[in-house]
């Protein structure tokens, strides 16, 4: 079914609306998105929770969390809506059941070195969109070949992570055009560089997210981006890959990964603004999560 693209929206809003699948009673559980979150350790249980709940609130039907055994009980207790696997290894075997994957939130940096290539190779074999964030970016910095040349990979570095990754891949400090340069050097993966202005590039094109955000910088906001982004990536690639859909013609200028990154950036920025209007300095990521429904309806009125 062709997505509804509402009139009166900005060009960026229309771009994202064109890949969002319409809701209808004919769909079965799981068809709107099954997302996997690979992350969670003894110290960090909140990060995978926020990523997972962002995916659910954005519209995913099912979300699996694959975490260290020490994190599983806490994450299970946070929400009964999440399917929690108390082992990272389960992520590899469950990939055929998923539509998109997030690697990194709260993962920690002591994962066995040989396991990461196995995970990313299987993701490539399945053709799954993969969002790499937080500790996942640490492993990509150590081994850029994990994502090199994979067009369905989306990296979401903050300023510090971008600096480290750029130096590791290009061997010099970041320059003014660091985002498209990094994307090209990694074989045209998509990079969503988070900052005062979110910059998105696949090395061919560049988008700037102009949506106003929040001055509050509480922990967990990046996890909200990565979780919602995984679902947007599934939707966008599905729209792009479906023959005959109008969205495929409309989105020819920008690749599906870039459109997905734009959607997630806009959504979380609007959530931050709405939450800050209510909570000011007390704003937490949980407050932003509570604004997903309102922000989505305001930005992407497709239903």
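Cβ coordinates are placed from backbone N, Cα and C, and glycine is handled just like the others.
The domain 'YjeF C-terminal' annotation in Swiss-Prot covers 12-299. What Swiss-Prot lists as (6S)-NADPHX binding site is 106, 158, 159, 160, 161, 162, 163, 164, 223, and the listing cites sequence analysis. If you look up Swiss-Prot, you'll see 194-198, 213-222 marked as ATP binding site.
Whole-number maximum of the Cα to Cα distances across the (6S)-NADPHX-binding residues 106, 158, 159, 160, 161, 162, 163, 164, 223: 20 angstrom. Here the Cβ of residue 216 (ATP binding site) has 19 other Cβ atoms within 10 Å, regardless of which shown protein chain they belong to. A simple way to gauge crowding: the CB of residue 223 ((6S)-NADPHX binding site) has 31 other CB atoms within 10 angstroms, across all the protein chains here. Cβ-based crowding with a 10 Å cutoff singles out 106 as the top-ranked of the binding-site residues 106, 220, 222. Residue 214 (ATP binding site) and residue 163 ((6S)-NADPHX binding site) have their C-alpha atoms 23 Å apart, to the nearest angstrom. On the backbone, the CA of residue 196 (ATP binding site) and the CA of residue 163 ((6S)-NADPHX binding site) stand 16 Å apart. The secondary structure of residue 196 (ATP binding site), as reduced to three states from DSSP, is coil rather than helix or strand. Long-range Cβ proximity for residue 198 (ATP binding site), meaning a same-chain Cβ under 8 A and a gap of 6 or more residues, is found for 192, 208, 209, 265, 269. Residue 218 (ATP binding site) falls outside any helix or strand according to DSSP and counts as coil.
Once Cβ contacts within 10 Å are tallied over all protein chains shown, the binding-site residues 196, 214 are led by 214. Checking each of the binding-site residues 106, 159, 161, 163, 223 against residue 194 (ATP binding site) by C-alpha distance, the shortest gap belongs to 159.
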